[in-house]
Amino acid sequence: MPRHGVTPGPGHPRSGREQRSNRSCGAPSLGLLWMALALALLDSLVLWTPAGAHPLPAQGYFASFSRAVPQLWNNFRWWNLTCPVCKSLFTVIDFGLQKETNVARVGSLAIKLCKLLKIAPPSVCQSAVQLFEDDMVEVWRRSVLSPSEACGLLLGSTCGNWDIFSSWNISLPDVPKPPPQPPNPPASGAPVSRVLFLTDLHWDRDYLEGTDPDCEDPLCCRRGSGLPPPSRPGAGYWGEYSKCDLPLRTLESLLSGLGPAGPFDMVYWTGDIPAHNVWHQSRQDQLQALTTVTALVKKYLGPVPVYPAVGNHESTPVNGFPPPFIQGNQSSRWLYEAMAKAWEPWLPAEALHTLRIGGFYALSPSPGLRLISLNMNFCSRENFWLLINSTDPAGQLQWLVAELQAAEDRGDKVHIIGHIPPGHCLKSWSWNYYRIVARYENTLAGQFFGHTHVDEFEVFYDEETLSRPLSVAFLAPSATTYISLNPGYRVYQIDGNYPGSSHVVLDHETYILNLTQANEPGATPHWHLLYRARETYGLPNALPAAWHDLVYRMRGDTQLFQTFWFLYHKGHPPSEPCGTPCRLATLCAQLSARSDSPALCRHLVPDTSLPEVQRLRPPPPYC
């Protein structure tokens with residue numbers, strides 16, 4: 001059971017605003033926006049459309065498309081699409097895009113379709129389409145989807161072959177893999193490093209106390225959300241259990257109140273600085289968030305070195321991270337240059353060089369330890385720029401292999417930080433990363449990610465049997481409340497800086513701000529320890545096998561799982577019970593560091609239940 005006065009209860013009742021069924025990450029579904037833009041492209045090219053053809057939307061790679069197609073077909077009764085008609089339509093689209101695309105006209109039609117299909121409130125449709133239209137049309141134009149590929153995606157393999165995200169492999173050196181060597185426990189009295197881990201801060205500069213936490217927009221508790229009805233309270237001063245982000249004062253309270261959790265040897269900060277109002281963000285907004293929050297971190301952490309990673313919300317449009325071969329105004333240079341300037345006091349020249357190119361870097365925080373910060377947007381299912389080419393974007397994984405091999409040659413250990421966890425990545429990227437982790441298991445001492453906003457982990461196994469745990473990625477909870485969570489942060493205890501250190505995680509602690517107490521009249525915010533991992537879960541250590549064993553203990557011990565479920569939600573779980581399918585799906589996710597790999601759960605779930613559990617596996621709920 002959790003210590004320190006924390007007891008898992010039955011869960012907090014959720015009003016309509018606190019339900020977690022809407023997992024749109026603060027925006028209308030990007031997949032549905034792609035659909036609306038595709039429809040608009042078809043309509044805008046009517047001059048080239050053969051007489052009698054019935055336009056049908058192209059289906060993108062986002063998961064929401066599979067849910068949107070039946071809705072569109074029901075609305076427009078386009079049941080008679082044939083393979084020849086489909087190929088004719090996409091021939092026309094490709095021809096039109098090569099001639100001239102009137103982006104404004106496409107956007108105007110997409111806005112109408114967004115409103116018609118009720119993808120989002122009208123004002124959100126207007127802003128989102130105008131924000132995304134230029135990049136999306138450019139990606140469509142450059143992705144050169146052939147008619148056969150587009151129709152294979154839309155109608156199935158009998159009409160064509162869609163292989164934009166086909167398999168690819170990185171190259172590993174010919175150097176033989178050393179025999180696995182589990183780390184030795186540190187000697188009694190050996191130094192222990194404390195590493196502060198911050199992720200998903202999501203500062204909302206328009207947060208406003210008293211506004212409606214249950215507005216119609218994807219993000220509430222802000223100017224423009226309106227007032228709640230008299231029967232419901234408005235947004236709290238320090239934050240709200242709803243689809244809301246944080247005011248700056250709450251982030252300042254977090255940073256100024258770190259004393260009891262410290263002192264810290266260094267900080268890992270894995271991104272997502274701006275709020276979830278992704279339909280209405282400019283580059284200036286994103287840069288203001290970057291510089292404001294970076295200045296706040298510097299103010300309160302002083303000389304402690306901080307090592308950041310790039311989140312998916314740093315760019316605008318959200319998730320839009322073009323690979324380095326995209327030049328000019330649509331490149332990410334504006335963002336990476338600003339990051340290099342803001343983070344220059346923390347990063348050496350070699351790290352700033354690759355940060356400016358692709359948003360990733362490597363450095364040595366102390367002798368014997370190499371830190372690698374990955375730009376996980378190059379693995380993201382939502383990065384629409386990867387439609388052009390998803391094969392090892394920016395050469396980042398091949399660069400990672402070179403860094404790990406050099407570390408192995410030196411006898412160094414490596415920590416990897418990033419935003420999106422590897423189990424949530426595009427399949428080929430995820431499987432290649434999994435292969436790299438397996439090859440360098442003796443060198444890789446720790447992996448640290450965020451993004452999901454909840455408290456979880458992902459276990460890696462040997463590729464030969466998928467049964468020997470060899471690494472674990474820790475997924476820390478968010479600072480933001482989005483959606484219906486307490487604010488929180490993580491501290492890792494790591495084998496410290498001395499000759500021969502393993503640099504592995506020894507334990508971790510999670511701290512939260514209880515919003516119910518903080519928002520009481522006259523109260524002041526008190527950040528407190530929620531739990532310590534080894535103490536709470538009865539772990540012999542924090543090595544991969546211990547986390548593997550925990551998952552299998554939770555399969556049969558429902559009380560232990562309820563403790564995990566309580567802490568998974570930072571002490572504010574939903575009132576809806578997590579029954580057996582939900583429990584197995586959640587546990588399966590902890591074993592799934594490789595995406596689209598049902599075999600990882602084969603020992604956890606009966607064969608007859610595996611398809612259902614895979615279907616129910618929780619997606620990243622908050623992004």
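Quick reminder: no glycine exception, Cβ is built from N, Cα and C everywhere.
Here TrEMBL flags 1-24 as region 'Disordered'.
What TrEMBL lists as transmembrane segment is 30-48.
Among the features that TrEMBL reports, domain 'Saposin B-type' is placed at 79-163.
According to TrEMBL, the feature disulfide bond maps to CYS83-CYS159 (among others). Sequence-distant neighbours of CYS83 (disulfide bond): residues of the same chain at least 6 apart with a C-beta under 8 Å from its C-beta are CYS151, LEU155, THR158, CYS159, GLY160.
Taken from TrEMBL, the feature disulfide bond covers CYS86-CYS151 (among others).
Per TrEMBL, the feature disulfide bond maps to CYS114-CYS125 (among others). There are 24 other CB atoms within 10 A of the CB of CYS125 (disulfide bond), with all protein chains counted.
Under the heading Zn(2+) 1 binding site, TrEMBL lists ASP200, HIS202, ASP272, HIS453.
In this view, CYS215 (disulfide bond) is surrounded by 22 other Cβ atoms within 10 Å of its Cβ, with every protein chain counted. For CYS215-CYS220 (among others), the entry in TrEMBL reads disulfide bond.
For CYS221 (disulfide bond), applying a Cβ distance below 8 Å and a minimum sequence separation of six or more within one chain yields ASP204, TYR207, LEU208, THR211, ASP212, PRO213, ALA235, GLY239, GLU240, SER242, CYS244, ASP245. The feature disulfide bond is assigned by TrEMBL to CYS221-CYS244 (among others).
The Cβ of ASP272 (Zn(2+) 1 binding site) has THR199, ASP200, LEU201, HIS202, GLY311, ASN312, HIS313, GLU314, HIS419, GLY450, HIS451, SER478 as same-chain neighbours under 8 Å, each 6 or more residues away in sequence. The Zn(2+) 2 binding site annotation in TrEMBL covers ASP272, ASN312, HIS419, HIS451.
Its Cβ taken as reference, CYS425 (disulfide bond) is surrounded by 24 other Cβ atoms within 10 Å in the chains shown. TrEMBL lists CYS379-CYS425 (among others) with the feature disulfide bond.
Taken from TrEMBL, the feature disulfide bond applies to CYS578-CYS582 (among others).
Sequence annotations record features per position, and here TrEMBL assigns disulfide bond to CYS588-CYS601 (among others).
For the pair CYS601 (disulfide bond) and CYS582 (disulfide bond), the Cα-Cα distance reads 14 Å.
Checking each of the disulfide-bonded residues CYS86, CYS215, CYS582 against CYS379 (disulfide bond) by C-alpha distance, the shortest gap belongs to CYS582.
In terms of C-alpha distance, the listed disulfide-bonded residues CYS114, CYS220, CYS578, CYS588 place CYS588 closest to CYS425 (disulfide bond). Note on the disulfide-bonded residues CYS159, CYS588, CYS601: the fewest other CB atoms within 10 A surround the CB of CYS159. Looking only at the binding-site residues HIS202, HIS419, HIS451, the densest Cβ neighbourhood within 10 Å occurs at HIS202. For the pair CYS588 (disulfide bond) and CYS215 (disulfide bond), the C-alpha distance works out to 34 angstrom. Its own atom aside, the Cβ of ASP200 (Zn(2+) 1 binding site) has 26 Cβ atoms within 10 angstroms in the protein chains shown.
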